Amino acid sequence: PPPALSLTGTFVLSVFTAVLGSLEFGYNIGVINAPQKMIEQDYNATWLQRYGEPIPSGTLTSLWSLSVAIFSIGGMLSAFCLGFVSEWLGRRKAMLINNLFAFIGGSLMALSKLCRSFEMMILGRFIIGAYCGLASGLTPMYVGEIAPTSLRGALGTLHQLAIVTGILIAQILGLEVLLGSQELWPVLLGLTVVPTVLQMSFLPFCPESPRFLYIVRCQEHQAKRGLRRLTGRQEVGDMLAEMKEEKRKMEMERKVSILELFRSPLYRQPIIISILLQLSQQLSGINAIFYYSTSIFIKAGVQSPVYATIGAGVINCAFTVVSLFLIERMGRRTLHMLGLGGMCICAVIMTMALALLDSVPWMSYICMLSIFGFVAFFEVGPGPIPWFFVAELFSQGPRPAAMAVAGFSNWTANFIIGMGFQYVADLCGPYVFLIFAVLLLFFLIFTFFRVPETRGKTFDQIAANFNERSVGGMMDMDMDMDLDKPSTELDYLGEESIN
Ligand SMILES: *[C@@H]1O[C@H](CO)[C@@H](O)[C@H](O)[C@H]1NC(C)=O
């Protein structure tokens, strides 16, 4: 029997180093929330100095929304390059070089006040977004590849945990008594280079992913050496055999391009489901909370808005842990619907509370509680679940393309929320969350009718389920159709039966 699993120092260091990337991702999601007012004042001051008049409030909203949302454009672009970069440079070198982005982006943001330039701030947010797009893909990839099979699930959740911890750290440091003040907000934004420097100095001591070396690069010797370092064992034959098996399986399956994903009827339904689930995560309105909660709390008349934001961060962390246990026990589909339904109800309650605020002062507490509930339900369903679906609906061949499409839709929706929320909120006042409630209801109905349960099923079973639905329905119609007639549907049917 193989010797008992022991975690070596190298392994722990490698996981920790990689997860610093997720922490930094979370930090940059949460960091612009608390100091919004301070930074806006500085934009105003800069404008006044340059043009001799105060900034028009519409221009200020545009500049701020752009500073928030351009992060997602950076993320979107770099997430799209993930597959290419991670194969070309290797996982480890890609993480190392990616840190340059974080360093440049962090420095630009930190120096923007000194240089009196909101352009630097916006550019910095774009570059740090590019860092985050790559980091949010590289970290789970590397950790998943160096983890022994028995620990892969548990370690995979570290990524999610590090993100929410990063958000919380940013919210706490954003307190006005700490770094969220008029003088110190550049330090708050610049602190993002600390995990960068740590990651850069630790990475040289982490081995490249043996799975990558063996399966992609075919470097058996180096892969063995990496495995020995990670496990502390001399004899790694069993692990190598496992990788061989994985490589063999992968070679049996052809790589699928993004275009094929949409054209082939085999993949069309799963990819539409994946995209809609990603949209359900972002359009649920969660980032409206993470980017703008402080200003929402101010509007709601909550007495210490920044502490309420930190409360939301704590709830966010706590329920991420709760959901880790739930995911092992309950079906993905059930959890997703539970999360969407709960968020929808919380959004309605929040809207009512905001509307009644003028006549009933204690409504501000109801509003705060419903925001907490909103965040909690998010972490139960729409937070973690969509990524499980992408991984479970697609086998090795189409998975990289599917991941790229899913990532792209996620970042796009993220951008729409970051950019548009402030405008829509100014326009609709307290009723803005009703829009999210309607969207949440739509996604709930979609999940109920269209999304299959994937937990504990093999790819073949899931694929069979889709074929039954789409082809089964078509078959009935096709029975009395003229088979000679050229028809795209029939062409696809033919293609499918060959597969
Ligand atoms: C900009 O600053 C000026 C002068 O300090 C102030 O009167 C004005 O209200 C500010 N504008 C905005 C949009 O905050």
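Quick reminder: no glycine exception, Cβ is built from N, Cα and C everywhere.
What TrEMBL lists as coiled coil is 233-260. Beyond its flanks by at least six residues, the coiled coil (233-260) meets 2-3, 148-149, 210-211, 214-215, 220, 223-224, 227, 267, 395-398, 400-401, 404-405 of its own chain at Cβ-Cβ distances under 8 Å.
According to TrEMBL, the feature domain 'Major facilitator superfamily (MFS) profile' maps to 14-455. For the domain 'Major facilitator superfamily (MFS) profile' (14-455), the model's average pLDDT works out to 92.
What TrEMBL records for 1-21 is signal peptide.
Summarising the annotation, TrEMBL assigns transmembrane segment to 63-84 (among others).
If you look up TrEMBL, you'll see 96-114 (among others) marked as transmembrane segment.
What TrEMBL records for 120-143 (among others) is transmembrane segment.
Residues annotated as transmembrane segment in TrEMBL: 155-178 (among others).
Look at TrEMBL and you will find 184-205 (among others) tagged as transmembrane segment. Below 8 angstroms of C-beta separation, residues 10, 13, 16-17, 20-21, 23-24, 27-28, 31-32, 35, 38-39, 92, 95-96, 99, 102-103, 105-107, 109-114, 124, 128, 170, 173-174, 178 of the same chain, each at least six residues beyond the ends of the transmembrane segment (184-205), sit close to that stretch.
Per TrEMBL, the feature transmembrane segment maps to 306-327 (among others). Below 8 angstroms of C-beta separation, residues 30, 33-34, 157, 160-161, 164-165, 167-168, 171-172, 174-176, 180, 289, 293-294, 297, 335, 368, 371-372, 375-376, 378-380, 383-385, 388 of the same chain, each at least six residues beyond the ends of the transmembrane segment (306-327), sit close to that stretch.
The list of residues near the transmembrane segment (334-356) in space but at least 6 beyond its ends in sequence, with Cβ under 8 angstroms from a Cβ of it, reads 277, 280, 284-285, 299-300, 323, 326-327, 363-364, 366-367, 370-371, 373-374, 376-383, 385-386, 429-431, 433-434, 436-437, 440-441, 443-444, 447-448, 451, 453. Among the features that TrEMBL reports, transmembrane segment is placed at 334-356 (among others).
What TrEMBL records for 362-380 (among others) is transmembrane segment. The list of residues near the transmembrane segment (362-380) in space but at least 6 beyond its ends in sequence, with Cβ under 8 angstroms from a Cβ of it, reads 164, 284-286, 289, 293, 296-297, 300-303, 308, 311-312, 315-316, 318-320, 322-323, 326, 335, 338-343, 345-347, 349-350, 353-354, 356.
Positions annotated as transmembrane segment by TrEMBL: 401-425 (among others).
Taken from TrEMBL, the feature transmembrane segment applies to 431-449 (among others).
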